[in-house]
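J.: The following feature annotations were taken from Swiss-Prot:
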{"type": "CARBOHYD", "residues": "N15", "note": "N-linked glycosylation site"}
{"type": "CARBOHYD", "residues": "N41", "note": "N-linked glycosylation site"}
{"type": "TRANSMEM", "residues": "91-111", "note": "transmembrane segment"}
{"type": "TRANSMEM", "residues": "126-146", "note": "transmembrane segment"}
{"type": "TRANSMEM", "residues": "161-181", "note": "transmembrane segment"}
{"type": "TRANSMEM", "residues": "182-202", "note": "transmembrane segment"}
{"type": "TRANSMEM", "residues": "226-246", "note": "transmembrane segment"}
{"type": "TRANSMEM", "residues": "256-276", "note": "transmembrane segment"}
{"type": "TRANSMEM", "residues": "279-299", "note": "transmembrane segment"}
{"type": "TRANSMEM", "residues": "323-343", "note": "transmembrane segment"}
{"type": "TRANSMEM", "residues": "345-367", "note": "transmembrane segment"}
{"type": "TRANSMEM", "residues": "371-393", "note": "transmembrane segment"}
{"type": "TRANSMEM", "residues": "416-436", "note": "transmembrane segment"}
{"type": "TRANSMEM", "residues": "447-467", "note": "transmembrane segment"}
Amino acid sequence: MGINDNGIYGSLKGNSTTGGIYKMGDHNTGYGEKNNQNNNNKSGGKTIVNGVIVNSNQQKLKGDENEFDHSQDDNADEFNKFPKKVKYNDLLYSVLFAIQMVLFITMTVIAGTKHPNKKEFVEYSLQGLLIIAISIPLILAFFLIWKKIFKIHPTNMIKTSFFSLMITGILFIGLLIGNGWYSWAIVFGITLISLIFFYFAFRDKIPFVGIIISLVLKIIEKYPSTLLVSFVCLIISCVYYNIWLFSVSYNFYYDSYWTAWSYMKFMFLVFNLYWTHYVITYTCYSVVSGLVASWYFFADEDFNGMPPKPCAHSLYRSMTSSFGSIAFGSLLVCLVQMVQFICRGFARVPGLTSLFCNCLQFIALIFTRMLYTFNIYTFSMVSIYGQSFCNSSKKTYNLMVNNNEKLFATHNYMLITMLSVSLSMFLIIGFIVTMIMATIQLENQGWLYVQLVMFLFILYKPFDIIFSSVLTILMCLISDPNAMEVTKPNTFILLSETYDFKSLNP
């Protein structure tokens, strides 16, 4: 069983896919269910579980026989080494993304050569880097403290997160009423009531979510490279955002009035911003999902059996065979958000046009969030099975339709937990960073606010990878719960006490 450049590992002989784990729905993974005696037969120092030979250090997929001689297999390369030729999925969208990035760089360089004052931009960019330098150590320290507490009291931490978010919501609604913003108070009041209803309707899922988050924290502790990947993506994002601001400012520096060409350039820059942002975000998700899926299908409770350098291999797959799929999925979200952006502009025109555009903008906003969330699940499937975006989307849709209640409960508990923790971090660390920057007395306070927005991206990054990791484990459990039963039986028993695996519909 060899790691595949398109998916987590190569397909079995007779059940070939496009380079992924297995054909979903067939469950021909060789894992199989344990019999009444757990099928723990010993043979030559190996444990045989319904045709699956499990060494102390590595799990190997087998067929119905106790041994499988790869030397007699015509497709032995599938099991033992990387394929000689990588299959690039959705290659067209990789090319399109590269073309629009070349256009963006060209526009930026041309604008920069014409602008008389580049020193000002460099000074402001250094201020942003200063905020990043101050923020990251504080965030990592806060995250490590939270991680240690959560590993000890996972269920209580989730409950505490809910109640703290509820209290914050009540205080915020009171603030809105005090300032006379009654319409917004009604909106947030309805949201708060929905949150309370959700908590009491699905509170029986809290122990399961707590166990999953604890498993993810264990993986991150074992492979801190996941955090490194996350912060590298963050740094790339911050550098790109500064360059984008440079390009927007300097492209329109001399424009006393806007022509049709000016509007076209501006729309392209907005399009470039959205598409690049989502590509960076989903690439990070894909890398982390690939590592977590490797842990799910290969490793035991002590991480024995993990392939070498799983994070590096997952990064390689995300930047090669899966990058076209990432660019394709990101483009879809980008296009919907462009519709929202255009409607926001036309909504400023008074009359019926404003009302229509506001309604359309609201619909586009909801659809953007739905598509963004759907893509997170889809890219987990892309990382696991190495298939194209369309094929992965179809499988993701079927899994979500057949298991909507479990996905809904787990997703929202995870999201609200991360939101409440991030909110508390923002209040504490944001106050510290603001005080430090105030004592430095920056010349341009407006630019400070722009950099504080970037600070929000830094704040959420450690929890971003936890969120994507939890969703990946959930997708793996729905796809093939028997895999965990074989590789991690103790964890499977623990999860079975809080989760009805028989009700899953892969």
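Cβ from N, Cα, C; glycine included.
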J.: With pairs restricted to those 6 or more apart in sequence, evaluate whether the transmembrane segment (323-343) and the transmembrane segment (226-246) have 3+ C-beta pairs under 8 Å.
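T.: The answer is no, given that the two segments have fewer than 3 Cβ pairs within the 8 Å cut-off.
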J.: Under a Cβ pair cut-off of under 8 Å, which of the recorded stretches 226-246, 256-276, 279-299 contacts the transmembrane segment (91-111) most often?
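T.: The listed stretch sharing the most Cβ pairs with the transmembrane segment (91-111) is 256-276.
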J.: Would you kindly list the residues that approach the transmembrane segment (256-276) from elsewhere in its chain, counting only those six or more residues past its ends and only Cβ-Cβ distances under 8 Å?
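T.: Answer is 97, 100-101, 103-104, 107, 240, 244, 247-248, 327, 330-331, 333-334, 337-338, 341.
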